[in-house]
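The structure under discussion appears below in the form of structure tokens.
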């Protein structure tokens, strides 16, 4: 029986968390870690392998390798980033571009030599600009995506779930646009238990209805609450996002996730190339369809702001 293979590039805070999450899901029989800090990557692989003797754990092969090992990988998750000294990590994702741009060029140059078939899932920030850069390489566009606003969308559902005292999974909705300050909630399509957002005061009269701008502000701020409390690290939730995407693709689940992909056909009337998050159907062929949902006037305005922010970043590449 063929086993699934995962390659993780970049084994820092996020990469090691992705590894731990991947092991727990038991989706993969083989996991290769790629990082220039080979000793550190070896330590992470060894630490995970030591748990293989526990009865609760599947026996998974985990090892440190090189780019040649992506040749037969099913999924490649890229979490590589510039290594900052303590407390030096910029809070603004766009500020990461200068340091992370050469890293992404190196990674794509190497990956494209060895495979044209693996699904590439980027976690490296700034997410949208990075996926735009990756798309400049000779690699199938349907096999390129960034986690984008998938994590922002989970924060949105968590925030509203707490506010209305319901399971966040009973909240159906997402954030679109930039993974960063300009991300925005699409409240015109958000429901809780099938109830439209604007209907909620009828069923929850005790809960004041937040405006779209207020929801946006709280969701965006949530990321920086984690960032500040953990000294510049957000790793657990984004790792789960990446592995959920991997699972969806491996199992051909056809789930709809808001992920960042290259936009080259004037979607939403945008001129010039860009990459940003919209709901996408994901399956065994990667990004199988982009769902360009209709937006209200406020959402259109916020999408324009997202695109302007991302395109300004793209100019620096």
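Any Cβ shown, glycine's included, is placed from N, Cα and C.
These numbers come from a predicted model, not from an experiment.
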Note: TrEMBL has 10, 11, 12, 13, 14, 15, 100, 123, 124, 125 binding NAD(+), and from 35, 138 that site also includes 35
Least surrounded, by Cβ count within 10 Å, of the recorded positions 10, 35, 123, 179 is 35
For the domain 'Lactate/malate dehydrogenase N-terminal' (5-135), the DSSP helix/strand/coil residue counts are 65 helix, 22 strand, 44 coil
Cβ atoms other than its own within 10 Å of the Cβ of residue 125 (NAD(+) binding site), all chains, total 24
Students should find that the Cβ of residue 14 (NAD(+) binding site) has, within 10 Å, a number of other Cβ atoms equal to 24
